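Asks: Annotations for this protein, taken from Swiss-Prot, read as follows:
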BINDING   78, 119, 120, 121, 152, 153, 180, 291, 374  thiamine diphosphate binding site
BINDING   151, 180  Mg(2+) binding site
REGION    305-325  region 'Disordered'
């Protein structure tokens, strides 16, 4: 990136100059932004197509509002790259999604333009309603509030909770519905169909063009001409379409309009500012706009691998050749569905991320993508399960948090054998704290009836799923985004609540839960000739193997527990609870886990090392532990 190549962006310390830029300058800035995005994708995987689609919308917003004092919330936040580029972060943009660099999501620690650190979908309207309410109470009524939410996130239940509240309060608020007909994959559901009807209704499309012509003739808003225009729109729209969903909720609906026409959006944004009460502006955009490969395949280019050229050819990178756990999970699900016609799979808009496309194609009648509606996904699974079906909820660990109450009431309390496949459990590297799946161990093991397990290597994943589908209780299987370790031994059969001993040791034992088994084995191998370290594949955190806990602590040798999850309430805590229940001496237990803080973004191996979870750091802890034990016995 050079100043000569991107002079408009390089000259921005904040977004205030955009208010005085001409249409030509704004259009040129859009070209610069897309060039920067393409340059970035030559170096790393990042959110791409969604950012390409909001370039003009971002420029229009910053040219009409001053978001140093006004409020702007980007729902989910993966589409904030243009926003970062025009708010003074151009010079640091090449650090995005790298350790110590810019986050790939909004981050208040970076800029006053970012209000919330986000990454999950659906809450923008709620926080915007709250911001507006608070500003009114704090006598800050001149501050304007804008929420930008995509049509993929719009069906979230919390969105309609917010609209319900916004309509009742009646406070001034602008909601931008960024409609690109996509979530990560193609969106699903009746809300999507409703938005399609709004986009395609020939009567309203004609009305839109007439309103556009009138807008062109009205230089300023807030006068009788504007009010007349608004009344005309309301009357004609009501006559053509009847009572519309948003209008019936007390939300003024405007649109749909072209989300790539900056002057047009500027005029409509001014209309929104002058319209009293909550307003929803329906903006139609194209995901991947301005870059042909992304526009033609927005699913692949949502977060594509790094480019080899501007044609979108992926860079060939070195690989350990091992498929990720996600691939093994998909294959195990497919095999289970072949064997048993009662097995279904439910995902919440993560078909691509969970690599479920082959399952969807082979078993379309038993595949359910419910959209970004995790609470519904879990309750829906409970309903299926009650009829005798065997549903699998295939979901990212961090997104399962959104359905906590449904796990409690609809599944655990009913003791229904729903299977939760918790993908992306552990560190998700460059996505940062909103996407790390580090809390599921703690919050899932709280519930009675739930059986919780984690594979230490690839072969175990299918074994665990097969076992889970035989249970009469709910169960969860956690696994990371990482490539899967392949067993070098014949795996022991899966027995509920039983660990697997990988190797015996005379000096101490490492007890690893899940994918941390790979680091445990590597650490033990590093110490060969120095210490004889046993390695245990815990397999279960609930019920934990009490006999294994007793055996590892019975001879006074040290024990190191490993988990790719938070230290509080995790596997190490479960290990100590079992030890205390058995009245065992726990002084030689060392818990290695992620710290009790929000882990930022970076390379997974780097983050593991920082958290004392790399093989090298684990080996160092073992040396220290052995020394402590030796000094205690007088050696």
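First residue shown is number 1, and so on along the chain.
From the backbone N, Cα and C atoms, a Cβ is placed for every residue, glycine too.
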Asks: Between the Cα atoms of residue 151 (Mg(2+) binding site) and residue 78 (thiamine diphosphate binding site), find the distance and write it as a whole number of Å.
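Replies: Cα to Cα, residue 151 (Mg(2+) binding site) and residue 78 (thiamine diphosphate binding site) are separated by 14 Å.
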Asks: Across the record's thiamine diphosphate-binding residues 78, 119, 120, 121, 152, 153, 180, 291, 374, the largest CA-CA distance in angstrom?
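Replies: For the residues that bind thiamine diphosphate, the greatest Cα distance is 32 Å.
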Asks: Who sits close to residue 180 (thiamine diphosphate binding site): which same-chain residues at least 6 apart have their Cβ under 8 Å from its Cβ?
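Replies: Correct list: 50, 53, 150, 151, 284, 285, 286, 287, 298.
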Asks: If you count the C-beta atoms lying within 10 Å of each candidate's C-beta, which of the binding-site residues 78, 120 ends up with the smallest number?
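Replies: Lowest Cβ count within 10 Å among the binding-site residues (78, 120) is 120.
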Asks: Which one, from the binding-site residues 151, 374, has the smallest tally of other C-beta atoms lying within 10 Å of its C-beta?
Replies: 151
